[in-house]
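What follows is a single structure, written as structure tokens, with notes after it.
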Amino acid sequence: MFLLYTPAFLVGLASFWLFPDGDLRFLFLRSAVTIHFFKRDFEVVFVHKYSGEMAVDSMIIILFSYFTVSSSLIYIQVLTQGLPQPSLDLKYPGILLFLIAITGNFYHHYLLSKLRAKGGKDYKIPKGGLFGLVICPHYLFEILGFLGISLISQTLYSFCVSLGLALYLMGRSYVTRRWYLSKFDDFPKEVKALIPYVF
């Protein structure tokens, strides 16, 4: 799993060397991308407890996807350098949303890691945090984190990335909820998939 996120992290890190100049928005964007994928690597090493292995073909597709998203978010921002700034500047709300989201995502990953003993493969119903409202709060915070990146960037491409990620994780959370309902008779029916009280 470490291999999935490291190339995207290195792209973010390399952007500081490859593009040393740029406006504040560009600095915040590449910082957010780098921090996001560093957190992913950190979690792989120190937080997550995986129940199985990933197929190599899936790993290659996911690695390439993360690498492409990371590099293209940064490169698109490079192309905006020197263009007029948006009339409504959303970079500071974006930074705040990103920081809240990355913290919420990490916290819920931590709660998930406490469910399984090291080397264990058993599943339990998650508790704590927003797990009483949705089965995938870590996905909700992932979406909010990318929305924060979009607000920092304020490019059409970054908003398209966020929309694509949101749709993908909505599908994943729906399937995850159905799986929990099928495996656990005591799974609370009022717990939604992704958005509290809604979906």
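All residue numbers here begin at 1 and follow the chain in the order shown.
In case you wondered, yes, glycine gets a Cβ from its N, Cα and C as well.
TrEMBL annotations:
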type: TRANSMEM; residues: 59-78; note: transmembrane segment
type: TRANSMEM; residues: 90-107; note: transmembrane segment
type: DOMAIN; residues: 91-199; note: domain '3-oxo-5-alpha-steroid 4-dehydrogenase C-terminal'
type: TRANSMEM; residues: 155-175; note: transmembrane segment
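Long-range contacts of the transmembrane segment (90-107) within its own chain (CB-CB distance under 8 A, at least 6 residues past either end) are made by residues 24-25, 28, 32, 35-36, 39, 43, 47, 129-130, 137-138, 140-145, 147-154.
Among residues of the same chain six or more beyond the transmembrane segment (59-78), those with a C-beta under 8 A of the stretch's C-beta atoms are 3-5, 7-9, 11-12, 15, 19, 22, 25-26, 29-30, 33, 37, 149, 153, 155, 157-158, 161. Mapped onto DSSP classes, the domain '3-oxo-5-alpha-steroid 4-dehydrogenase C-terminal' (91-199) shows 72 helix, 2 strand, 35 coil.
Predicted-model confidence for the domain '3-oxo-5-alpha-steroid 4-dehydrogenase C-terminal' (91-199) is 96, expressed as mean pLDDT.
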